[in-house]
Amino acid sequence: MSRVKAAVFASGTGSNFQAMLEERDLACEIVLLVCDRPGAAVIEKAKQNRIPVYTFEPKRYATKEAYEKEILTVLQQAGISWIFLAGYMRIIGPCLLHAYQGKIVNIHPSLLPAFPGKDAIKQAFNTRAEKTGVTVHFIDEGIDTGPIIAQQVVDIYPSDTIDLLTKRIQKVEHQLYPSVIKQLIQNEGDL
Ligand code: GAR
């Protein structure tokens, strides 16, 4: 039986992407990376792991729809059935949302609905909250909205620095995201 095929979308460092690749039992195959920033470090990680990279620069397209249509063509040609966003700092538009309804998942470094958007770790740290965390959720048309699949709390200690907190959050992300992906694909197979 051929494995379920997934694409990862990322804009930055790619530590979550790397964590997915290192998970031996992800239950799906990551067949390509979509990146919107030509210089992003995640591209090098993909190359080292022999994962094809498709870089699409939004500024080269007249509209978001044109940008997403071109991405959609690549995804459909590759037989992709799931999209996992891993630090992809763009709102998914109607074109991809409709084509992959209920099949686009995101990870966010806070306990949503608290601290959506950019710099979520800094936002939580600066409000002196006692807890923050990680959320994995389905994508809808909003910014870090959409039905929540899993959350994990991360404590903020009085002695914390942004760096220490970021490292603890990332550690949780790197375990939570692959395990949620595996669960989603297995549940789908059981239907
Ligand atoms: C991760 O912390 C992810 O949760 C966050 O970007 C980081 C990407 O790190 N995503 C968001 O803030 C989405 N709103 P990575 O490139 O090392 O995986």
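We count from 1, first residue shown onward.
Cβ atoms are placed via backbone N, Cα and C, with glycine included.
Among LYS64, LYS69, LYS122, only LYS64 appears in TrEMBL as part of the (6R)-10-formyltetrahydrofolate site alongside MET89, ARG90, ILE91, ILE92, ASN106. Contact annotation for recorded positions (GLY14, ARG90, HIS108, ASP144) versus ligand 1: GLY14, HIS108, ASP144, each with CB under 6 Å from a ligand atom. Within the set of recorded positions GLY14, ASN16, LYS64, MET89, ASP144, the entry lying nearest in space to HIS108 (active site, proton donor) is ASP144 (CA atoms). Within the set of recorded positions GLY14, SER15, ASP144, the entry lying nearest in space to ARG90 ((6R)-10-formyltetrahydrofolate binding site) is ASP144 (CA atoms). Comparing the Cα of MET89 ((6R)-10-formyltetrahydrofolate binding site) with the Cα of every entry in SER15, ASN16, ASP144, these being the recorded positions, the smallest distance points to ASP144. Separating the Cα atoms of LYS64 ((6R)-10-formyltetrahydrofolate binding site) and ASN16 (N(1)-(5-phospho-beta-D-ribosyl)glycinamide binding site) is a whole-number distance of 25 Å.
When Cα-Cα distances from GLY14 (N(1)-(5-phospho-beta-D-ribosyl)glycinamide binding site) are compared across the recorded positions ILE91, ILE92, ASN106, ASP144, the shortest belongs to ASN106.
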